[in-house]
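A short worksheet on the structure shown next.
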Amino acid sequence: MIDFVHPALLFILGALPIPFLKGSIRKAYLMLIPAVAILAVLTVQPGSYGAAEFIGQEILIAKVDRLSIVFATVFTIMALIGMVYALHLTGAGEHVAAFVYVGSALGVVFAGDYLTLFLFWEGMAFASAYLVFAQRGKQAIRAGFRYLMVHITGGVALLGGVILHGLATGSLLFGPIEGGMGVAAYLILAGFMLNAAVPPLNAWLTDAYPEATVTGAVFMSAFTTKTAVYVLARAFPGTELLVWLGTAMALYGVIYAVLENDCRRLLAYHIVSQVGYMVAGVGIGTEMAVNGASSHAFAHILYKALLFMGAGAVIHVTGRRKLTELGGLYRTMPLTVALYMVGAFAISAFPFFSGFVTKSMVVAAAGQDHRALVVMALTMASSGTFLHTGLKLPYYMFFGTDRKLEAREPPRNMLVAMGMAAVLCIAIGVFPQPLYALLPHPVDFEPYTGVHITESLGILMFTALGFVLFLRALDPENTISIDTDWFYRKGARHFMWLAEKPLARYEKAVSDVSETAVLPFLHGTARAGLRIDLNGVDAVVNGVARSILRGGGALRQLQTGVVTHYALAMIVGVIAAIAVFAVVWR
Amino acid sequence: MIRRVVDFFGEARYAEQRRRLFYLALVLIVIADFLVPREHAEYLWDRLPGWSAVYGFLSCVLLIFVSKFLGHQGGLMRREDYYD
């Protein structure tokens, strides 16, 4: 009996038959594989599987422990929800890419060594890039290339770090980085932080996700950043730098979200913000903090997917994505509004929604670790989260000015997928114990205390008061915001200008100098060389040749053609050789 | 049922009811915050009833205006064709 079916394999090999299946058989198949994968993860036993040798290195295809099981569980659940949401698509391309993407993410989560991890890491980048390209259109293609370029750069940093780490420690097994932080550790950390979208390495996310297809963005919102949180939790728990970057990140996303006009880009900035809680949790590194980071990743995948599905449904139905062009959809899309709001309450951490039982664990862990500033900043970020995803976005998308858009509820499969995610968001909030039981460390945390409930409601409802009072200040504007992608979008252009203008001029000046001064000099020396060559060198060469010729003539006269002369000469030679040998040898 | 709830938040004719319910909720939350038992008060603000309401409101206002300031005066917000 096989004791371990690798869920990554289920998805990656399972992607192969998709293009050959048609109609309802394909639909059934698309749901069957994630369902089987969920079962595979639920029944998996902790342990090491698939150990091997490769070019003299230990390879461990799958290392299963409690941390990897948490992430694998939510990944497979999310794969099922995402597939249901994408069932209406007729082309096979996106389904195949999504399968490979999910499979690669699971491969990373179970990877026992850095080479396996790197392989799946790159698989994720390429498969997810397809979900951007599949949107077609100039804007999406460009964003897709930028996305790929950034991820390949991050992959190179990671690979460099892995190789240095392997050379230094002699092992490529994936685990906590021990000893001091050297170049290798920082390169690996940079590679991981890029995928976690830690500023300033965050712009690829907010650049690419809103350009992806409606269904593709749902997958993207779930996997890349959360695998990064997983690898950070595995390799860098308790890294002080991550506490501050995570905290800054939580506020960074919120600040940009105020300025954003594109509905899915606003949500993407909230991925940055929410992943900030997880990164900070990993950085604090206590058992409670790592539990908080893992459980928050679990809850986040579900509510963020729900929010992306809601915004995606609006785009699918209306074809519009800017808040300045949306409004008044609540009349035609009430179900979408209700389901979206479940996600919004969950991300804002309202009591009885999933965020309440997970986000608070990170904040409480920061409090227990005596980090007052982190607690304050993260609490402020939760206020911003509700302000945007719970108030601003739904207000301008569904309520606000009625733009008289023709709309209807999205296809039923989309609503069902949103319903599945919404049920889980509420179930986790009301019954947190099954999730807590799944976490890597034992949980000693009670979210439902009187103080916690009134404090959370105080923060959230008085944020709503601020929203009501300053509504006009929040009106979306027809702008885009400059983020760190400026450096490779505009900065690259400045570099090209530099290459074309000053550098080209410099090159021309250099070649002018060489033409007017250096070249004549070179010509002169060449002519002098030629003279020396003709008169000096050639004379020597000719002289040597002539003497050899003369010597040859003399030798010819010695060759008599008489055998006895030759025999005599040979005997003389042998005697001479013996004489020399006898003298020299002794 | 869902439609009626959503309509309640959308239709202009419920505006007055919405406002009253909202302010009632705010008052109840502050009162509740004064009544709940506080054993594990680690930080100063844990002991202050109503602190979370003040902090939530200030956070919201601060985020709105700091962000908009950075966007307008800091030059973060640009025309949509900025990169074209």
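Every residue gets a Cβ built from N, Cα and C, even glycine.
If you check TrEMBL, you get these features:
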| type | residues | note |
| --- | --- | --- |
| DOMAIN | A:111-380 | domain 'NADH:quinone oxidoreductase/Mrp antiporter transmembrane' |
| TRANSMEM | A:28-47 | transmembrane segment |
| TRANSMEM | A:67-88 | transmembrane segment |
| TRANSMEM | A:95-112 | transmembrane segment |
| TRANSMEM | A:118-135 | transmembrane segment |
| TRANSMEM | A:147-168 | transmembrane segment |
| TRANSMEM | A:217-235 | transmembrane segment |
| TRANSMEM | A:266-285 | transmembrane segment |
| TRANSMEM | A:297-317 | transmembrane segment |
| TRANSMEM | A:329-353 | transmembrane segment |
| TRANSMEM | A:373-393 | transmembrane segment |
| TRANSMEM | A:451-471 | transmembrane segment |
| TRANSMEM | A:566-585 | transmembrane segment |
Other than its close neighbours in sequence, what residues sit by the transmembrane segment (A:373-393), given a CB gap under 8 Å and a spacing of at least six beyond its ends?
243, 247-248, 250-251, 253-255, 257-258, 263, 266-267, 270, 273-274, 276-277, 280, 284, 307, 311, 323, 341, 343-345, 347-349, 359, 362-363, 366-367, 459-460, 463-464, 466-467, 474, 476
For the transmembrane segment (A:266-285), give me same-chain residues lying six or more residues beyond its boundaries with a C-beta closer than 8 angstroms to one of its C-beta atoms, as numbers and ranges.
193, 196-199, 202, 205-206, 209-210, 221, 225-226, 228-229, 232-233, 236-254, 256-257, 260, 292-293, 296-297, 300, 304, 307-308, 311, 323, 347, 359, 361-363, 365-366, 369, 371, 374, 378, 381, 384-385, 388-389, 392-393
Take the transmembrane segment (A:329-353) and find every residue of the same chain, 6 or more past its ends, with a Cβ under 8 Å from one of its Cβ atoms.
270, 274, 299-300, 302-304, 306-307, 309-311, 313-314, 317-318, 359-360, 382, 385-386, 389-390, 393-394, 397-399, 405-410, 415, 418-419, 421-422, 425-426, 429-430, 448, 453, 456-457, 460
Using a Cβ cut-off of under 8 Å, list the residues of the same chain at least 6 residues beyond the transmembrane segment (A:95-112) that approach it.
6-12, 14-15, 18-19, 26, 30, 33-34, 37, 48, 50-51, 59-64, 68, 71-72, 75-76, 78-79, 82-83, 86, 89, 119-121, 123-124, 127-128, 130-131, 134, 173-174, 215-216, 219, 223-224, 226-227, 230-231
Candidates A:28-47, A:67-88, A:147-168, A:566-585; stretch with most C-beta pairs under 8 Å toward the transmembrane segment (A:118-135):
A:147-168
Cβ contacts under 8 Å made by the transmembrane segment (A:67-88) with residues that lie 6+ beyond its boundaries:
7, 11, 27, 30-31, 34-35, 37-38, 40-42, 44, 46, 94-95, 98, 102, 105-106, 109-110, 215, 218-219, 222-223, 226-227, 230, 233-234, 290, 294-295, 297-298, 301-302, 305, 309, 312, 411, 413-414, 416-418, 420-421, 424, 438-440
